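Some features that Swiss-Prot has for this protein:
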type: TRANSMEM; residues: 6-26; note: transmembrane segment
type: TRANSMEM; residues: 27-47; note: transmembrane segment
type: TRANSMEM; residues: 60-80; note: transmembrane segment
type: TRANSMEM; residues: 111-131; note: transmembrane segment
type: TRANSMEM; residues: 147-167; note: transmembrane segment
type: TRANSMEM; residues: 173-193; note: transmembrane segment
type: TRANSMEM; residues: 195-215; note: transmembrane segment
type: TRANSMEM; residues: 220-240; note: transmembrane segment
type: TRANSMEM; residues: 328-348; note: transmembrane segment
type: TRANSMEM; residues: 362-382; note: transmembrane segment
Amino acid sequence: MIQEKHLTFTINLLVSLFFLTILIIPKGYNYAPIILSAIGLIYFIPLKKKLSFSSEDKKLIFSFLFYFFTFLLSIIINKDGIREIDNPSRLLLFIPLLLLFKNFPIKRKTILYAIPSSALITGCVALFQKFALGYEKPFPETMHIQMGNIAISLATFSIVITLHFFIKKQYKSTLFGFVAIILAIMTSALSGARGGWIGLPVVVGIILFLYKEFINKKLIITLIAIITIGLTALITSPKFGIEKRYNAAKSDIVSYLEKNNRNTSLGARFDMWENALIAIKEAPIFGHGSDGYDEFRHKQVKSKQMAKTTLNFGSLHNQYLESWVKRGLVGFIALILIILTPIFYFIKNLNTHNLETKCICILGIIHIVSHIFYFTSQSFLAHNSGNIFYFSAMLCFIV
């Protein structure tokens, strides 16, 4: 029989590896969660360990199951293929993962050091791939928008943890955290993705607000100044191409608003979103399903109500519209549930004098808030990388 101390060590090691390998190894986001889920299944089912559920656990499990159920419902009502549940079926693996973490809590230090270490290593590898190996974008195995968003998450997580280190007067760790923040932001900049940056000022503002009782105005001004100077340096550096992408986005928006040009990157997305509202009106409750939506957009393109360029997109690039168009109001409610249920949990547990617990809860809040923004410009959960990152990281922060 495996001793519990060995199991605890293994769980913490795998959690560390989840963050450390999430981008630097192709499909690295898969391996640790799958192994952890398998451990959870083995521990609770064959070994017949007693299961105990708190009311918060039950709410979280219900939100997971309901979200998965909407995909099953779409298969039945909209006659989607069975392939549609391949991605969301991973949610079922997160239930034993939740129970495993509840019975074998992750050590706070595992989270506090694994995340900035991941940000630092990921940044170094990204810079090496871009400037030494000549890659167009780092980590080409991962879709660049997904990669850019995950890198921004590593950066914002590192901001939270760095402030924690500063409050605890662990100044060497604080310096380590600052380096991690810079490298994670650089990774996102190199990805070429723009959507993840939209919510960054709001997320940083929330972090500072939640830590306001521990940090003075002088520190807040210093932090904002450092972040502003750093971002300005990144934006103005042609090597990172941020200014070029900003100007391209600005041009796309102006072209769409003034000339109704739907053939640019952003113009096609705006066109998809406009037509998504029409699709929602046609099937508001249960949606069109994936196949039904494909038929809808081909019909719209044929009638010239939708640009042909939109057919090049595999998703709506908006998680909220994607859920409602394909799975109706039922699917949209399920999406809102998997956002609100965990964030209320983290907010409820935020009021504590334990600085480590507070830090982990803030990480949880920031994780959810960041994804609220990611979902506006990307169908983040439609990709395995986004699906696994969102739920796995969320469960790692459950205290």
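Here the Cβ of each residue, glycine as well, is placed from N, Cα and C on the backbone.
Ranked by the number of CB pairs under 8 Å to the transmembrane segment (147-167), the listed stretches 6-26, 27-47, 111-131 are led by 111-131. Beyond the transmembrane segment (6-26), the same-chain residues lying 6 or more positions past its ends with a Cβ under 8 Å from any Cβ of the stretch are 32-33, 35-36, 39, 43, 100-101, 104, 106-107, 110-111, 113-115, 117-118, 121-122, 125-126, 139, 141-142, 147, 150-151, 154, 187, 389, 392, 396. By the Cβ criterion (distance under 8 Å, sequence gap of 6 or more), the transmembrane segment (362-382) is counted as touching the transmembrane segment (195-215), at least 3 such pairs being found. Of the candidate ranges 27-47, 60-80, 173-193, 220-240, 328-348, 173-193 contributes the most Cβ pairs within a distance under 8 Å of the transmembrane segment (111-131).
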